[in-house]
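As recorded in TrEMBL, the features of this protein are as follows:
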type	residues	note
DOMAIN	A:22-464	domain 'Amidase'
ACT_SITE	A:LYS76	active site, charge relay system
ACT_SITE	A:SER151	active site, charge relay system
ACT_SITE	A:SER175	active site, acyl-ester intermediate
Amino acid sequence: MTNATLKQLSQQLAAGEVSSVELATHYLDRIEALNPQLNAFITVDRVRTLADAAAADAARVAGQAGLLTGVPMVHKDIFCQQGWKTSCGSKMLDNFISPYSAHVVEQCNAAGLVTLGRANMDEFAMGSSNENSFYGAVKNPWDLNAIPGGSSGGSAAAVAARLTPVATATDTGGSIRQPASHCGVTGIKPTYGVVSRYGMVAYASSLDQGGPIAQTAEDCALMLNVMAGFDERDSTSLERAREDYTRELNQPLAGLRVGLPREYFADGLDADVAKVIEDAVAELKKQGAQVVDISLPNTELSIPAYYVIAPAEASTNLSRFDGVRYGHRAADYKDLVDMYEKTRAEGFGAEVKRRILVGSYVLSHGYYDAYYLKAQKIRRLIANDFNAAFEQCDVILGPVAPTAAFNIGEKSGDPVQMYLSDIYTLSVNLAGLPGMSVPAGFDRRGRPVGLQIIGNYFGEAKMLNVAHQFQLATDWHTRAPAL
Amino acid sequence: MKWEVVIGLEVHVQLNTATKIFSGTSTAFGAEPNTQASAVELAFPGVLPVMNKAVVEKAIRLGLALGSKINQKNVFARKNYFYPDLPKGYQISQMELPIVEGGVLPILVGEEEKLVKLTRAHMEEDAGKSLHEDFSGMTGIDLNRAGTPLLEVVSEPDMRSPEEAVAYARALHSLVMWLGICDGNMQEGSFRVDANVSVRPFGQQEYGTRREIKNLNSFRFLEQAIKYEIQWQIDTLEDGGRVEQATVLFDPDSGETRMMRSKEDAHDYRYFPDPDLLPVRIADEQIERIRSEMPELPAAMKARFVEAFGVSSYDAALLTGSRATAEYFEAVAQASGQGKLAANWVNGEIAARLNRDGKDISACPIAAERLTGLIQRIADNTLSSKLAKQVFDALWDSELSADAIIERDGLKQVSDVGAIEKMVEEAIAASPKAVEEYRAGKEKALNALAGQVMKASKGKANPAQVQDILKQKLA
């Protein structure tokens, strides 16, 4: 049961080999046993989970079960879930019980999935190491000294440690792909607008996108079928016909053109990571894929562009956390301004404050053109790079991060070093493209390394098949850490 | 020194949509505090704005009525500042590319028409209310108003007196009601005016430094506030002081304006395009459809009234002051075939009576058909003007028709030549002195004789006939 995939569990439930309550109990027990070392969860509510599981079993008995009814899952603590604490990893929302559910949560509930708990994360999704949580750092299940990646570190660590078969996550600059890579699991960030942002606490609205993390590409496809879909409550949600993300699984890769961007294999890429990616590319070639040399010349500019745009949006998205209506409010204050200042000084962590300051600065009068507007122009250039590249290839392959997971504390004192490690993931968000990470090997220290697959707009089904074909031929995704 | 006053107005017009600008929450006024505030207005984590298309439609209506340019790409921006009644910490507004640009609004000052140019009108959301009374040492927040759609209409600094400013505000107020985009209720805050006021020596090209008077919610306060502010600025300058750019509030109790914040305290609003909302694009077809659905506008109607009914331009302007008045007049003028008489009565007795009773034309006790009945009897000489007033009083207080009142009260004018001749002869016989004076060339003496005849007829004799017959008999 422990290593079972989402698909296998759904089959076992359908066959009556296991009940939802048994499954929930199994995972809750594992969480109870292993989470103290991993810190992957912010909230677990056994009573509620078992009640939901019992309801799922009852639905099955009543003949109302769907494909995923009764399968356990975990939500990143960024998705508002009615009746559950939705903290977003922040002291600011430590007391916030959401009165409503995100679109993603509604869809998961409607599909009959049972929530095991709420995954730890970098505060307000700001971070690449999951060291920025008010609830403490998450540990990498492969090496407790290593970071799991961020900001969806709890989601990735929980799947890797087999504390859940699947978890929701969000990706603003790599927050699904990078932790998936560091934890040896599969994750996909869809095209911007495919998954509704309604009820997803906003970090950088024009970049944020929800997606699943699971063991396999096939499971990701099944979860994306649940999570995706038009939602009129999100104006940036795309009104398209529902699609079946499993529809291209099992297509042979013969003739597939895979682009390798020169800039992703230049200086700064760890040799072990480079080797893992080369081997993965070789595997795909073996299956008939053709390799194309491509260039994404503005890749380097993605870092400054991202670290202007994302903080700019964040600085105003986070203004609502003012202590007036919900969330943390300072205990003692002498007037309104004092209340604001103390509340926000106490409620936000250091990285969140840094980004609010940067964002406020780049939007201020006299600086807007030089920073924000310029960053938006770079964003256009980056999207143009991809458009040109996709004239020559069907998918783009490369590393997710320059190195495997670094050690906890290794970069936390140097934000710029931390930001630089996002080099291969940021431009996908800036362009609004889909991207995924697939387990492809390990570095010399035994830490997982993921292969990044970048698709053209709405290329999710194709990317998922590339990953699926790779997983049919390799076993990296089946390896689990010893805990 | 002689000073010239320069005034520009910014008016917040609350659009009368059923739901809020970015959510499906009701906009109805007067509910219990915070009962009309959904997760969107409360700015819960994760909620998102969704544009209410009716807001765009209403904004386009105003733009078309003012002859403005309608921008077909509309971008919403976040205007960032912290205040407890602004739950998101930013207001969603338009900065660059407002929906309406340019245009003119004709205003009537005294009997003179003037054209005031518009700068722009943009869509935005209203904030909630901070309630400082009733909570000792604390502030209450009511978010019912948060998210109510507003159109901020900005004029050029074209007005040169408080009277012009009031005339502009009144004209805009009547236009938005005419278009059916605002309920016009100033007490409930549906139409709020900010006035930018400055003074400069006559003949000077550059504008003086302006101060902005915020949130005036009646025409009377608007006039009082501007008058006070002008005097304050002139006094300050004449005393050798300087006017500093500032935002001020008007205190109706003291009749004074007082400083709210100086230029130094001005916020940096850090405007930037709201990434939660896609640009709203307006197709040519949409504009044309709205244009085809527009009611006849006051200016066109005014010209038509002059043309079709022969009323004066001034009367026509008054008649088109509101759509209801214009429609009322037209019904009467049309049915009676007496445009001038209809205009006189609508702008005269009806307006005065409504004003006395504090009523709107829509609540006029005399429906158009009943006024038509009265006017017909004046036109066919059944009623003298004096009798007509009597009938009008009875119309106001009853539901009878003019004819029924004339019948009941026996108010028919006497136009029978024989009867009038008899009364004239009696009057001549009774006043030899007046007759003598008249014959000696004193025209006024005729009036005394005519008065006697009218008295004898209890006011019912046709005055014109009385004059004619008197002149005949004394010739």
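Think of each number as a place in line: the chain as shown, counted from 1.
Every residue gets a Cβ built from N, Cα and C, even glycine.
Here the features listed in TrEMBL are painted onto the structure.
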| residue | record | DSSP class |
| --- | --- | --- |
| A:LYS76 | active site, charge relay system | strand |
| A:SER151 | active site, charge relay system | coil |
| A:SER175 | active site, acyl-ester intermediate | coil |
Self-check item: Neighbouring C-beta atoms (10 Å sphere around the C-beta of A:LYS76 (active site, charge relay system))
Solution: 32
Quiz item: Just checking, which of A:SER151, A:SER175 (active-site residues) has the fewest C-beta atoms within 10 Å of its C-beta?
Solution: A:SER151
Exercise. Using C-alpha atoms only, work out the spacing between A:SER151 (active site, charge relay system) and the residue listed as 'active site, acyl-ester intermediate' and round it to an integer in Å.
Key: 5
Practice problem: Calculate the distance in Å between the alpha carbons (Cα) of the residue listed as 'active site, acyl-ester intermediate' and A:LYS76 (active site, charge relay system), and round it to a whole number. | Solution: 11
Practice problem: Tell me, roughly as an integer, the mean pLDDT over the domain 'Amidase' (A:22-464). | Solution: 97
